[in-house]
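*Asks:* Sharing the record's features from Swiss-Prot:
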- Asp43, Tyr76, Arg310, Arg311, Phe312, Lys313, Ser314, Ser315, Lys316, Phe317, Gly318, Cys319: AMP binding site (BINDING)
- Ser2: N-acetylserine (MOD_RES)
- Ser15: phosphoserine (MOD_RES)
- Tyr204: phosphotyrosine (MOD_RES)
- Tyr227: phosphotyrosine (MOD_RES)
- Ser430: phosphoserine (MOD_RES)
- Tyr473: phosphotyrosine (MOD_RES)
- Ser514: phosphoserine (MOD_RES)
- Lys681: N6-(pyridoxal phosphate)lysine (MOD_RES)
- Ser747: phosphoserine (MOD_RES)
- Ser748: phosphoserine (MOD_RES)
- Cys109: site 'Involved in the association of subunits' (SITE)
- Cys143: site 'Involved in the association of subunits' (SITE)
- Tyr156: site 'May be involved in allosteric control' (SITE)
Amino acid sequence: MSRPLSDQEKRKQISVRGLAGVENVTELKKNFNRHLHFTLVKDRNVATPRDYYFALAHTVRDHLVGRWIRTQQHYYEKDPKRIYYLSLEFYMGRTLQNTMVNLALENACDEATYQLGLDMEELEEIEEDAGLGNGGLGRLAACFLDSMATLGLAAYGYGIRYEFGIFNQKISGGWQMEEADVWLRYGNPWEKARPEFTLPVHFYGHVEHTSQGAKWVDTQVVLAMPYDTPVPGYRNNVVNTMRLWSAKAPNDFNLKDFNVGGYIQAVLDRNLAENIPRVLYPNDNFFEGKELRLKQEYFVVAATLQDIIRRFKSSKFGCRDPVRTNFDAFPDKVAIQLNDTHPSLAIPELMRILVDLERMDWDKAWDVTVRTCAYTNHTVLPEALERWPVHLLETLLPRHLQIIYEINQRFLNRVAATFPGDVDRLRRMSLVEEGAVKRINMAHLCIAGSHAVNGVARIHSEILKKTIFKDFYELEPHKFQNKTNGITPRRWLVLCNPGLAEVIAERIGEDFISDLDQLRKLLSFVDDEAFIRDVAKVKQENKLKFAAYLEREYKVHINPNSLFDIQVKRIHEYKRQLLNCLHVITLYNRIKREPNKFFVPRTVMIGGKAAPGHHMAKMIIRLITAIGDVVNHDPTVGDRLRVIFLENYRVSLSEKVIPAADLSEQISTAGTEASGTGNMKFMLNGALTIGTMDGANVEMAEEAGEENFFIFGMRVEDVDKLDQRGYNAQEYYDRIPELRQVIEQLSSGFFSPKQPDLFKDIVNMLMHHDRFKVFADYEDYIKCQEKVSALYKNPREWTRMVIRNIATSGKFSSDRTIAQYAREIWGVEPSRQRLPAPDEAI
């Protein structure tokens, strides 16, 4: 029998380190050991750092699975209305740290790995990003999944398990080069294959009309096999599911050829079926009408709807029948949210199932479909709107085309009855667009087939009602809503900026993590010298850490005391990275003109990927790197100005750069950025914003107060007026000497001496066909940047403004966004109730 502990020995257990929970740490170490040996079949003599990462991932995952099973059992028992979020993109990033944060395991895992002689941060860096998205739309879906779990909604994310996610960007000779993102090379410890739920998806074939109704026959079948990933809520023991579909060829695929000796070819041709989820299309805000992309869109929709209906039929429903056969209650038990038009085929597919397979009459089926579906619009750029050629649909999905024609006919009959004699309105509102190539307008299909249509920021939702969807708003104003986007504070504050989260928690407690409006309490600390000092200190630490990262990974040296001026987002003309470039060159010219004058030192960092086929976006990257080559090697400039292109911008890099930012660039032409979410991440992490009155910037400035925001440039009305008058870049070129100098430098090869005409396409675009009016905002932008520099010279005032921004960023939590979707679109009530943990009695 061991001797009892002395009082002093007992007291030694009271320590900060002890907070991890000693039995927890011991248990984690034991499980880590078990997974290393029994799951990975390695010992310490041959284990690599990657093996240690996998062992840790499996150890953490063990804490998810009990909660995951318990959550699904809870949903089966309670049979709540289920929310299905359909998206072609889920830009999840890394999972390990997020899971530890949401399960309150971070301290214990840190201690356990430390005791095992490992560095948890190094292990976290080994994980590949799940890059199954291009940018904002896919990342929004990921934030929404986190919030739906945190709010206790019975929600499921449905998408595609792409074998290759968004390409890895390499910069070579100043140009973007794309490399395949082989994110599954070493396996994915977070997913669970579910081959037992494999479902058939049909393509091609033709339609037979019988006395029983329409039959789609002689189709090619591809099997959809689901992979499930757990999505934990924040410390509430809820774990929801993201189900991503992969493709398999059926066993008899093309084997009729076998009899004539084509066995080998038939087996090789299985690849054609399995190509569907091979790669994410890397276009952001651009529609490319490729057959494979249409196959992807139908593939996810067809598999998901079968799954939804299977779950609906087999759920508890207070009746003795083995399955539910009555679809009257379907819209009361199922909500389908379409993330943009990419999953729009859900509307005709649900109609096909109800009418052709469930033998429901058209009007009833249509009522069920409309009450079930809702559509989120993400862009007003005409080149981004999906318009599928009829000939493609006719070949690939002949029955769906017939259903779309029928939907259109009935819809136009309603329009004609409401607006008699208005023929042009019928043409404008038709789902079918006539022209050289007949097309189906998928946004029109979504509006007709949904009970709710929403934009993603107040100004964007207003633009939808006044411009591109004006006719539809006049027909059915009750359908149109706004749901301003948000971000999850778990990943975008607690995980990426623990120093700031801690400083905040010391003042107002930890409840803000799942109730971000509580940040308002920080307004009473705006004049608190200790708090001002703490916030500034955390920012400086983050800047030093990021500077060290750049030095380590890219051998790039930057001045950590300079103003970190950051623009990170997809490279696109409408986001106006070119305006940023013009400012950088202007600043450079000013330093060269007055080398002895004091300039606030700046490090301008720009990052983002260009679509591989987008010539102008790739030229913009080449320009940024060329400016950097000149500026960074000019001894006159020294440490006062640096230009860095951040290679391969992705979720895991944004988690490093955003907490280090001083200035956030949100400078799209007013009326073009639907919302933006990067803007919110910077605001929450203590950067100030320079931006136009566009997207969510408008609401951010409203929350913080315009005096705490660097607003510049034309408003939407000004852009409209300029369009009416006719935008003439030459006017600005002639009138503004500094602008003229910059353009002359670009034209003359100042930044490309070996190839003087390298940037002629950029100059030509800016001078003659710039849809996004860069010159019109140049002067105001430069003046606004001068105000930024002036304030940065006063660190106390700068930090006070930062605190006001952080304190008013609560509105931009995705928890608020999702609570609004739940109440106003899905008809469900969010719940903060904690489920019992797996080791607790129910």
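Quick reminder: no glycine exception, Cβ is built from N, Cα and C everywhere.
Situate these features within the shown structure.
*Replies:* Around the Cβ of Phe312 (AMP binding site), the same chain contributes Arg324, Phe330, Lys333, Val334, each under 8 angstroms and 6 or more positions distant in sequence.
Counting only same-chain residues six or more apart in sequence, the Cβ atoms lying under 8 angstroms from the Cβ of Tyr204 (phosphotyrosine) belong to Asp218, Thr219, Gln220, Thr395, Leu396, Pro398. The secondary structure of Tyr204 (phosphotyrosine), as reduced to three states from DSSP, is coil rather than helix or strand.
Tyr227 (phosphotyrosine) has a Cβ environment of 17 other Cβ atoms inside 10 Å.
Under DSSP, Ser430 (phosphoserine) is assigned to coil, being neither helix nor strand in the three-state scheme. A sphere of 10 angstroms centred on the C-beta of Ser430 (phosphoserine) encloses 17 other C-beta atoms.
Neighbour count (other Cβ atoms within 10 Å of the Cβ, all protein chains): 18 for Tyr473 (phosphotyrosine).
Here the Cβ of Ser514 (phosphoserine) has 19 other Cβ atoms within 10 Å, regardless of which shown protein chain they belong to.
Its own atom aside, the Cβ of Lys681 (N6-(pyridoxal phosphate)lysine) has 30 Cβ atoms within 10 angstroms in the protein chains shown.
A 10 Å cutoff on Cβ-Cβ distances gives Ser747 (phosphoserine) a total of 16 other Cβ atoms nearby, all chains included. Ser747 (phosphoserine) falls within a helix when secondary structure is assigned with DSSP.
The Cβ of Cys109 (site 'Involved in the association of subunits') lies under 8 Å from the Cβ of Leu28, Leu56, Thr59, Val60, Met100, Met120, each of which sits 6+ residues away along the same chain.
Following the DSSP three-state reduction, the secondary structure of Cys143 (site 'Involved in the association of subunits') is helix.
Here Tyr156 (site 'May be involved in allosteric control') comes close to Arg82, Ile83, Tyr84, Tyr85, Asn240, Thr241, Met242, Arg243: these same-chain residues lie at least six apart in sequence, with C-beta atoms under 8 angstroms from its C-beta.
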*Asks:* So if I draw a 10 Å sphere around the Cβ of Arg310 (AMP binding site), how many other Cβ atoms end up inside it?
*Replies:* 13
*Asks:* In whole Å, note down how far the CA of Ser747 (phosphoserine) lies from the CA of Ser514 (phosphoserine).
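*Replies:* It is 52 Å, counting Cα to Cα.
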*Asks:* Using C-alpha atoms, which one of the recorded positions Tyr227, Ser314, Ser430, Lys681 comes nearest to Ser747 (phosphoserine)?
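*Replies:* Spatially nearest to Ser747 (phosphoserine) by Cα position is Lys681.
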*Asks:* Can you grab the distance from Ser748 (phosphoserine) over to Tyr473 (phosphotyrosine)? Cα atoms, rounded to a whole Å.
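*Replies:* With the alpha carbons as reference points, the distance is 50 Å.
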*Asks:* Give the helix, strand or coil assignment DSSP yields for Ser514 (phosphoserine).
*Replies:* helix
*Asks:* Report, as a single number, how many Cβ atoms besides its own are within 10 Å of the Cβ of Asp43 (AMP binding site).
*Replies:* 10
*Asks:* Can you tell me the CA-to-CA distance separating Tyr473 (phosphotyrosine) and Lys316 (AMP binding site), as a whole number of Å?
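*Replies:* So the alpha carbons of Tyr473 (phosphotyrosine) and Lys316 (AMP binding site) sit roughly 39 Å from each other.
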